[in-house]
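What follows is a short report on a single structure.
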Amino acid sequence: MGRKRLSDFGNARLACHDVSCLRGDRLLFTHLSFEVKAGEAVLITGANGIGKSSLLRLLAGFLKPFSGHIEKWGRVAFADEALAMDRHLPLEKALAYWAALDGVLGAEKEAMAVMALDILADSPVRLLSTGQRKRAVLARLLASQAAIWLLDEPANGLDAASVRALIEMIEHHRQKGGIILAVSHQGLDMADYKTLSLENFVANSGQSSGFFDLLDESHFS
């Protein structure tokens, strides 16, 4: 399905070229090649322990490929269960700190409003509930204004209203030409996303090197 794109992230792109991932003495996946373009969303699937989260960390630059290489056009933001904020700061100041590092002063205010956190602006981070902490993680992601979002279980800990806000946030990001790569056991109700199954790239699976055709999945009504 076509979508109108704004110019914000129109040049965003991410590509893996024959990438293999080694954790400890275990080769998780190998010969993984794919490309994601501006406005696209990919859901990474596979059994527990197959390397879904490790792939996101490779794409974020936290890990190095055992072989192959990764190319990224556009800034990257990564979100998982870790809050990574000063527990003693008020929430707004904690988010403002990261927004300043990303060079987007003031972006935290809109991000807090989107995730319904503005009422908690003066609350210390340490007092946030589990659900509020997860919304703070997503607010930090939004405030970063990065083109490429890497989401590891983004819906965990969210109530139904917050999940809807997350999906709206994702779709707005894509309309601007942003990229989404996500891992989610709960699934994400994203429009016309694609699926990348790591089952096809486990070591000794017989999958040949080369670009893998992502499977189109229509979940848009």
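Just so it is clear, glycine is given a Cβ too, placed from its N, Cα and C backbone atoms.
Listed in Swiss-Prot for this protein:
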BINDING   GLY46, ALA47, ASN48, GLY49, ILE50, GLY51, LYS52, SER53  ATP binding site
DOMAIN    14-221  domain 'ABC transporter'
Largest tally of Cβ atoms lying within 10 Å of a Cβ, found at which of the binding-site residues GLY46, GLY51: GLY51
Fewest-neighbour residue among binding-site residues, criterion Cβ within 10 Å, set ASN48, SER53: ASN48
Conformational class of LYS52 (ATP binding site) under the three-state DSSP mapping: helix
Distant-in-sequence Cβ neighbours of ALA47 (ATP binding site), under 8 Å, six or more positions away: GLU199
CB contacts for ILE50 (ATP binding site) [other CB atoms within 10 A, all chains]: 18
Rounded mean pLDDT for the residues that make up the domain 'ABC transporter' (14-221): 90
Most Cβ neighbours inside 10 Å, all chains, among the binding-site residues GLY49, LYS52: LYS52
Reduced DSSP assignment, GLY46 (ATP binding site): coil
